[in-house]
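So that you can see what the record holds, here are the features copied from TrEMBL:
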type: ACT_SITE; residues: GLU209; note: active site, proton acceptor
type: BINDING; residues: HIS208, HIS212, GLU231; note: Zn(2+) binding site
type: DOMAIN; residues: 26-100; note: domain 'Aminopeptidase N-like N-terminal'
type: DOMAIN; residues: 136-360; note: domain 'Peptidase M1 membrane alanine aminopeptidase'
type: DOMAIN; residues: 436-687; note: domain 'ERAP1-like C-terminal'
type: SITE; residues: TYR289; note: site 'Transition state stabilizer'
Amino acid sequence: PAPMGQYPGKIYLTNCPSNWAMFVSMLIASQMEPTFARRVYPCFDEPAMKATFSIRIIHDPSFVALSNMPAIDVSEVKDENGSLWTVSTFNTSLKMSTYLTAFVICDFDYVSRTERGNEIRIWARKEAVKNGYVDYALNITGPIFSFLEDILNVSYPLPKTDLVALPDFGAGGMENWGLMIFQEASLMNLPSDEFTSRKAMIALIVSHEVGHQWFGNLVTMKWWNDLWLNEGLASYFEFVFFLQDKIFYAHVIQPVLKEDSEIARSLSESEDKIKGSFSLMSLFDNITYSKLYKLLALLVVFIEPPWILMLLFVSSQSYLKEFSFSNANQDDLWTHIQMVVDAQDEVQLPAPVKQIMDSWTCQNGFPVLTLNLTTGTVTQEQFFNKNNRKSTDSYNNTWIIPISWMRNGSSQALTWLDKSSEMFPEMQVSESDYDWILLNVNLSGYYRVNYDQLNLKRLARLLENDPKAIPAVSRFQLLDDVFALTDFGYVPIETALELTKYLAREDELFIWNVVLLNLIPEDSESTLKNHEVYPLLKKYLLKRMLPIYHYYAGFIRQNADALEDDYFAQAYLEKLLATACWLGLQDCLDLSSELYAKWRDNPEYKIPFLIRRTVCCYGVAVGSDKEWNFAWEMYNHTDSIKEDEDILLYAMSCAKESWLLYREAITMLLESAKLENIERRKLLVKIASWLEKNIDD
C-alpha cells in the first residue's frame, strides 16, 4: 500500500461521518496485505504460494459487490427466512498471491473509460461522483497504464480495473490486482480546488498503485524480507513520469535520509529476522518505499541519460518477462541489470552489480563522506548520532560509493570510493580562496557530505558572492547536510549558521524551507518566542527574508492565481509567510488582515488555499472578537469541508485574548509544544551567541 500510515486490519466495516450519512450508511472493504487473507478464508497465506481464485459474494440487493475480476453472473437467492439476496459470481482470477485478493461491497456510483481494452472505473460516494470529485483520477489513470505498458513492453493482463475511494482506510492506497482501494483524500479532487499539489499527490499515489500491477502483482517478492522489491520499483516508476528533481529531493530524499539515520535496519532483511506479523508491518516504512529509488539512481548516476533509460527499462522488461505470474528476490533483479550492463561497452562498473548494490541493501543506514581539501582524502563512515552513541556500538560498514563532484563550477569525472578512506590527488586545492570543491553534485548519491573548515569557508564566501555558481539542488543539499551534521554532533551549530548568511540572495522556496524548518521547528515556535534568541533571530532572518517575501507578497496581492501551477509555491510559501508573520513583519500581518477582512466582507471570496492557514491565523490574531466570531461562524457552516474546518480551528487558537480561547473549549486545540529538551535549550544559547556577533553582517 501507499505509505500513508498503514494499520493491520482485515475488513473495513465503515460507518461514515454524520455529514456523509445521507450518501452512505455502510460499506465493507477488504485489506489482506500482509497476512490477513488467512482471517478471511482458509489458505496458505504466503506470497510465493500463488493460486487462481474463484470468488462468489452473497450480499444485500441494494449494494454492489466488486472483486479482482469482472462479474460473470449476478443472480438472486432467498434465505430460509424468505429474504432476497444477490449472488455476484466473478471470473476466475489470474495466478496471484493471497494478499492481493480483494472485495468491496458498497452502494457507490462510478465513472468509467476504456484504455486499450482495459475498462477503468472510479467508484466513490454518489454525491462525490455527481460533483466530479473523481474526474481527475479517471482522466490520469488510463494514461498512466498506457505509459507503463509502453516503457515496460508488458501488457496489462486484466480486462478491467476498479479504483475505489473509501471514507475510511488505513493506508493511502492498496494495489489489489484489478481492485485498487484508496483513501478518499488520495483519489478525490474538488473541481474548484486550486491546490495544485493535491493533484500531484493524487497522481503520485495512483501511479504508485498502478505500478504495482506489474511490480508486486505480476512479479511478486518471494517473501516479505524483499518487500522493497515491490514498493521500491513501484516508487521508481511513480517518480519517473511525474516529478521534477527539486520536488523529488525535497519530498523524498530528505525525509528518507532522516528516517534512514534513525532506524537500525537494512533495506533487505534476512528471513530469520522477521518473526510474526508485527515485524512485517514495521517493514512498511519510508526506507522500503523510497530508498530503492535513490539506489537505482545511484547505480546509473555515471551513465548518460539515454543509457539510464536503457539500463533500467530494458532490465525491468526482461525481469518482468522471466518472472511473470511468479516470484523473485533481489538477486534476480541484480542479475537482469548486470545482463544489460554486460551488453554494452560505453561504461564500466568498478564491481559486479550485486556487490555494489548489496553494500547498500544489506547494511544498515548510509554513509557520510568527509573531505580533507589539504590532502585530498575522502573518508567514509556510517552516518550516526554521535550524541547518543554508546561505547559498545559498532559502525564498521563500508559502501561502494559513486562520487560526482565539481571543482570551481566545472563538473569532474565521476570517481568511486570502495574502501574506508582514499586519497584523490585531483581533490587537493590551492591556497586561493576561490578554489573550492563540491561533492555529490545535485544529490546524485545516497549519502551526506562533511567538509573541512577550509572548504566550508570558501563555499560560504561563494554563496554570498555568487550563489547560482552552485546548482539549486546542491545548495539545498549543502544546507540540509550541514544542519543534519549539527543535529548528529559532527559540526557545531555555528558552522551551519555561517552558510545562511547569503540567504538574502536565495530565491528558491524549497531551499528557504529547509533552513526555516531547522531554525524554527514548528513544535518549538511558542518556546522560541519567549527565549532570548527570538529578537536576534527576528533581526537576522527578516533582513534576509525581505527580498523573497516581497516577491511573493506582490503575487498574492495582485495575481495570486498566477501561483496556482507553481508547485513550490503551493508546497513551501505557507512556511515562508507564516515565519514572516511569526517574526512580526508588519507587512505580513497587514496582508493577513487585508485578505481575512476581504473574506469577512464577502464569504464567497476564497483566500488562496496555499496561504489560507496563515492568513486565517493572523487575521484572527491581530483582530478582535469580530474576527474570531466570524471564524467560529464559518466553522459551523454545514457545507464546510474538513480541511477548512481544521484551518478554522487552528485560526481560532491564534487569538491573543485569553477569554476567546476559553470559549467553546478552544483551549483543547491550542498547540502544546514545549521545549523540554535540554539539548535543544543549549543549542538555542549557542544560536543566540552567534547571532549577537553576526547580527549586522
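Here the Cβ of each residue, glycine as well, is placed from N, Cα and C on the backbone.
When the Cα atoms are compared, the residue listed as 'active site, proton acceptor' and GLU231 (Zn(2+) binding site) turn out to be 9 Å apart.
Packing around GLU231 (Zn(2+) binding site) is summarised by its Cβ count: 29 other Cβ atoms lie within 10 angstroms of its Cβ, all protein chains included.
Counting every protein chain shown, the Cβ of HIS208 (Zn(2+) binding site) has 26 other Cβ atoms within 10 Å.
Mean pLDDT for the domain 'Aminopeptidase N-like N-terminal' (26-100) in this predicted model: 96.
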